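These notes concern the structure reproduced below.
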Amino acid sequence: MAEGEDMQTFTSIMDALVRISTSMKNMEKELLCPVCQEMYKQPLVLPCTHNVCQACAREVLGQQGYIGHGGDPSSEPTSPASTPSTRSPRLSRRTLPKPDRLDRLLKSGFGTYPGRKRGALHPQVIMFPCPACQGDVELGERGLAGLFRNLTLERVVERYRQSVSVGGAILCQLCKPPPLEATKGCTECRATFCNECFKLFHPWGTQKAQHEPTLPTLSFRPKGLMCPDHKEEVTHYCKTCQRLVCQLCRVRRTHSGHKITPVLSAYQALKDKLTKSLTYILGNQDTVQTQICELEEAVRHTEVSGQQAKEEVSQLVRGLGAVLEEKRASLLQAIEECQQERLARLSAQIQEHRSLLDGSGLVGYAQEVLKETDQPCFVQAAKQLHNRIARATEALQTFRPAASSSFRHCQLDVGREMKLLTELNFLRVPEAPVIDTQRTFAYDQIFLCWRLPPHSPPAWHYTVEFRRTDVPAQPGPTRWQRREEVRGTSALLENPDTGSVYVLRVRGCNKAGYGEYSEDVHLHTPPAPVLHFFLDSRWGASRERLAISKDQRAVRSVPGLPLLLAADRLLTGCHLSVDVVLGDVAVTQGRSYWACAVDPASYLVKVGVGLESKLQESFQGAPDVISPRYDPDSGHDSGAEDATVEASPPFAFLTIGMGKILLGSGASSNAGLTGRDGPTAGCTVPLPPRLGICLDYERGRVSFLDAVSFRGLLECPLDCSGPVCPAFCFIGGGAVQLQEPVGTKPERKVTIGGFAKLD
């Protein structure tokens, strides 16, 4: 039983030693100088907070051409008279200056930089290339002498050396051979002692007896950091400059207005932050290990993906090479065929010319024919020969090679192809799309339209994201609703909530991945469900003056010759013609909304709603040409009715004329404005691109809105004792276009070869 416990204890001890050894090896990376790749020796803290050995820093500055700027840092005493080993016992350490001495020093000009002459206008700025961050850091005029030694890092390096060294005992430096193992060290004397030597060299009753013993070490450091400018102990920390300062630095003009705190406060704050961060890291070791596993998996995936990408690129380039090789063979074949054809023609021409030589070919045959004495036989043979001789003579007189020897027509212009091959590069993700705000709107549904910027890589499909902004925010990241793999450059979002604000964005995707999101666009949905209706011209509309479109969603008033002839027969001073068009749907409950666009060039148009029965009574029997004594309107927006009548009017119209909305004086009595920022009664406001009408049947109210921004223009009471329908009145020329519901738009088709294809 005891042997088992001993074995378990031994195993636990060995595991602990292995863990300590592993942690020490891992920590060793933090203790290596980035220049010499060895343990730090007298490390200096650069302005970029990285560390470098003092000797390495001097060497780097020497390579950069800075000579004489590699002085020792202030924390290491350099004067032989002031070094701890040679300092007189009668001399005590310098104490902090008193406030009155500080004033005298400042008045005498002590605040100038050491080593810098007064009046120097262009001091040399020393730049040091940091080997850790690969950046140039400014050391100031004093070079390395203006840097602090990292004493904490030195102590960590020393503890690390002692922990990993086995049998490396530190020997006494003052013993006679053989020296004993050192048990104490003295920072002032900069030496290690055994017990006997320490007592011998620190006799009782002398100044050296006051030296504080330390653990034995091979590298001695000063007890504290000293100001590089004033050789005083640092007592404060400048948060603005992020630098330790002494009492003299604190009152200098350089730190005027800076946030300066005592070293104790900075020490406690930084220690608390570091402890808190370290505690968090140590408490989440499982998370760290999980993330390490994820990173290792990412490394493996990167290796596999990189190899696949290499193979794909190689395959594509080989494909390009195969196409080029095939094209090369085809072009060479064409040149070869052209060359053989020309050679054949030139060879035939050479043979013809050789036959013209004396005694050979055609000439020899002709000479023999001329020897014939039989006239009929000569004529028979010479007839055909003469034709050949004539052609040969003509060819001789107009000599020209039968084929050109030049192949200029076979030259290739590969400038465009070379440019394409030079610009051949990896596919980039699409750039952020640009939302077309002129074509994007919200009506019965939300229609979103966008386009890619010029010179953007193509997108195979898009992702549309949207969410409501007027709902309480849920804890955690913002949740978006997505529409994946949208083809084309537009999207339709069905059944949006009424009276809400939606924010939408879109991004493209191709084989390279997803691109950046577009800028967010905010859309207001209508305050009520959209009412679908058409224009009804069966009554109250003059076919001579009103033209209704085939789809019954647009109407135009065109005053013509009948109006002029009718006006000429009347003796009144002013003649007006009122034409009315109603919607074919009446509202009997709930809330409804619709929108329309009024032509800005319209003379006078009234857009609104009214009781269907009252509209028929008022307008169906009205004469075509009327005088001012006959008013077809209810008078609610002209102020003609008695203001004391509390009954709601049967009509509610918004008057538009010549690109302006006319808010009559009577509007203030019968119509309530929708807000304190709304228009004032008795004025005009610009006509928006679209007008919206919202009818609340139960409340008996109708609101007129800017259908683009949904800003309220006017709110009026309305008698809703019966069916209420939309109405449009025209006086003079004008036009109205109903906004077509998005859901009823037919899909645009493109006919190709007798087949209909959806666009």
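Using N, Cα and C of the backbone, Cβ positions are placed for all residues, glycine too.
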**Report entry** Which range of 172-231, 352-411 is zinc finger, per Swiss-Prot
**Finding:** 172-231
Query raised in the report: With Swiss-Prot as the source, which of 33-59, 573-599 is set down as zinc finger?
Result: 33-59
Requested in this report: Please compare the binding-site residues HIS230, HIS255 by how many other CB atoms fall within 10 Å of each one's CB, and tell me which has the fewest.
Outcome: HIS255
Requested in this report: Could you give me the DSSP helix, strand and coil counts for the domain 'Fibronectin type-III' (429-528)?
Outcome: 0 helix, 44 strand, 56 coil
Report task. Within 10 Å of each Cβ, count the other Cβ atoms, then let me know which of the binding-site residues CYS227, CYS249 comes out lowest. Result -> CYS227
